[in-house]
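If you check TrEMBL, you get these features:
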BINDING   A:Thr153, A:Lys179, A:Thr190, A:Glu277, A:Asn400, A:Ser405  substrate binding site
ACT_SITE  A:Thr190  active site, nucleophile
2 protein chains.
Amino acid sequence: MAVGNVELVKLLPIKGIKIGIAEAHVRYPNRKDLTVFALCEGATTAVVTTQNQFCAAPVQLLRQHLQHASPRYLLVNTGNANAATGEDGKHRALATCEALASLTNTTAAQILPYSTGVIGETLPSERIITGLPKALANLDEDNWLAAAHSIMTTDTVPKGHSEQVTIEGVTYTVTGISKGAGMIRPNMATMLGFVATDAAIAPDVLQTMLRDSVAMSFNRITVDGDTSTNDCCTLIATGKADTAMIDSTTHPHYAAVYQAIASVMLRIAQLIVRDGEGASKFITVQVIGGNTSDDCAKVAYAVAHSPLVKTAFFASDPNWGRILAAVGYAGVDLDQSTVNVSLDDVRICERGGLADGYTEDQGAAVMSRPEITIHIDLGQGQASDTVYTCDLSYEYVKINADYRS
Amino acid sequence: MAVGNVELVKLLPIKGIKIGIAEAHVRYPNRKDLTVFALCEGATTAVVTTQNQFCAAPVQLLRQHLQHASPRYLLVNTGNANAATGEDGKHRALATCEALASLTNTTAAQILPYSTGVIGETLPSERIITGLPKALANLDEDNWLAAAHSIMTTDTVPKGHSEQVTIEGVTYTVTGISKGAGMIRPNMATMLGFVATDAAIAPDVLQTMLRDSVAMSFNRITVDGDTSTNDCCTLIATGKADTAMIDSTTHPHYAAVYQAIASVMLRIAQLIVRDGEGASKFITVQVIGGNTSDDCAKVAYAVAHSPLVKTAFFASDPNWGRILAAVGYAGVDLDQSTVNVSLDDVRICERGGLADGYTEDQGAAVMSRPEITIHIDLGQGQASDTVYTCDLSYEYVKINADYRS
């Protein structure tokens, strides 16, 4: 079901990070649903979290913990989001952190909790606590692919990527995994993303890298426009590449390491769209010629969220008027006569009307492709922005009408 | 397919308005697709139009005409929206107005043009012009029901309503018709709405009545969140009830006439949602306890637009966590612990968590109803707002994947 190339490269281990996995029967039996990341001493960690006001209990707790200690463990469960669960939800999230702390001789504040799954149900914290020793028993540097599997919910494929970059004789490795297929319109981060590098990076620099790379990856994808209660993206730098700390954005290694991180972020964010619920097409919406990048993003999101545009792509119908209608209601002042639109290399709209020489056959041919870029030129200025999305199919309705049953 | 009570009352004629209908073969043969309203001399007319920047050629022309003359004819075609058609589209819209003007001894500026249908295709203005004499030949006061049929596109039922109110011995009649089923998130008006009364109403008062009644009717419905390029709502006052002109909002007849107009507007707006593409449920989203009505509207629209909420309603699945998630990303600051949510009379969420005593059986029972009200209390202030929507079904995808084929 996932669209196009969703093959994973070999996920490279990151020195200083071990991952353990267990079956804790959070929602279903016989499913790997508990994942523990153990970080080496000295690792730096940055996290961006959802802007949803109904953010889940673990998200609230994670924010507190980040203020008080340097993380040593990440504790992730699937099957239950522990969201809209009130005070009880916070107590249960804390109980799982305390249990892991006592097993590992750390403090609860050194544990970051993450939950994903159904909203509004009580977290079975006892079963998670029971599963922790099993997860700790198989901690291994080479468990990234297994972790990509164990954090899946409605995902149909595991999502991960690795890159290496060598600069001045030092080779840095970056590996990341993500999960998410529905309730996807990240707002600071996607459902769950974990990215790590063996570079040594100062905390404030790491936060900058995370913010910038998320802005152009997880914050530029949308499946259904629903921002999750549990979105978190975490970036860890272990420092095990044994070189000097990258302590500013002008450090000679900054650009290369940032590029590798951004590349991994973009790949694992796009994989979420490729695996979007019911997706049969991967659509890039590229808007140029705007007065501001914010205007371009508004237009791109209006197009990417329009159910009429998305169903037309599902049907491979070059019903480009729906694209223009969405451009028109994006909330951006525009002059119809300066707007041009192409699908891949086929110009369909010129100066707000039908392009000279355009034929329905050309449109139908490009719409039948599994990967399509919508180019929209507003003809106003120099700004641009790009958003990634998928089509809207029967399957989307089926998955979300059936999810809890 | 339409949900609940969509039966029309007898549509009462409005003295001073005659309607003629013809088959002009705009898009398909043998279909009544051309409608002409003839207004008596002295009738006042108010129009609100779409805020879509890609507003159609007839909308642009209609705005110009309203500035220059008092309308005597409305000219409506289905089958082609004449949107995203550039300069040629404007020339063609004007040509149809000029043709009607020459047949009726009026000027083109006294004609208001309306088009609805597929976007981005050339308006077959010649065929419309050929059809005009046929439409003029059957002008009749009693053609409202026939007009409700002839303005339909993907609608499955005709939409109209009439009300009468008697005050100080004067009986006023209000009749309205509308069309629309998809690309519905009106922003000043729906796809097409025509409402008329035999009251005499001064132009500025009529505009106030239109603005206020549209705000609580057409501007509070959404099917798919797509604002059309062609939305127009028109209110006409013929003055044929033969009583004094309502020339201010303090006129003794104002409130009664306004109430009848607002009631017709709300009914014909709600009929659009009941006939929403693929709709199987009619959903009222009522938000109370906000600091401002704007906050309440934001929350109501976030819930009403969420594909996850809409598919859960289609599935009759009381997956209320999705409602809370949408409340959370509506862009309104809130304290989870003050939020309560009920479905009809079933309290599902109290203080941001599961309500005491709530059972899935209760939730499933209420979700199986064809008409459901979601009550959301933000627990912040005294403001409120209400939005009407429908669920998201396989049928929605099917209709919009097949529409042009």
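Keep in mind that glycine also has a Cβ here, set from the backbone N, Cα and C atoms.
No curator has checked TrEMBL annotations; they are predicted automatically.
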Which residue, out of the binding-site residues A:Thr153, A:Asn400, shows the minimum number of other Cβ atoms inside 10 Å of its Cβ in this structure? A:Thr153
Out of the binding-site residues A:Lys179, A:Glu277, A:Asn400, ones whose Cβ falls under 8 Å of a chain B Cβ are A:Asn400
Including all protein chains shown, what's the count of other C-beta atoms within 10 A of the C-beta of A:Lys179 (substrate binding site)? 28
Tally every other Cβ atom lying within 10 Å of the Cβ atom of A:Glu277 (substrate binding site). 28
Based on DSSP, name the secondary structure state of A:Lys179 (substrate binding site): helix, strand or coil. strand
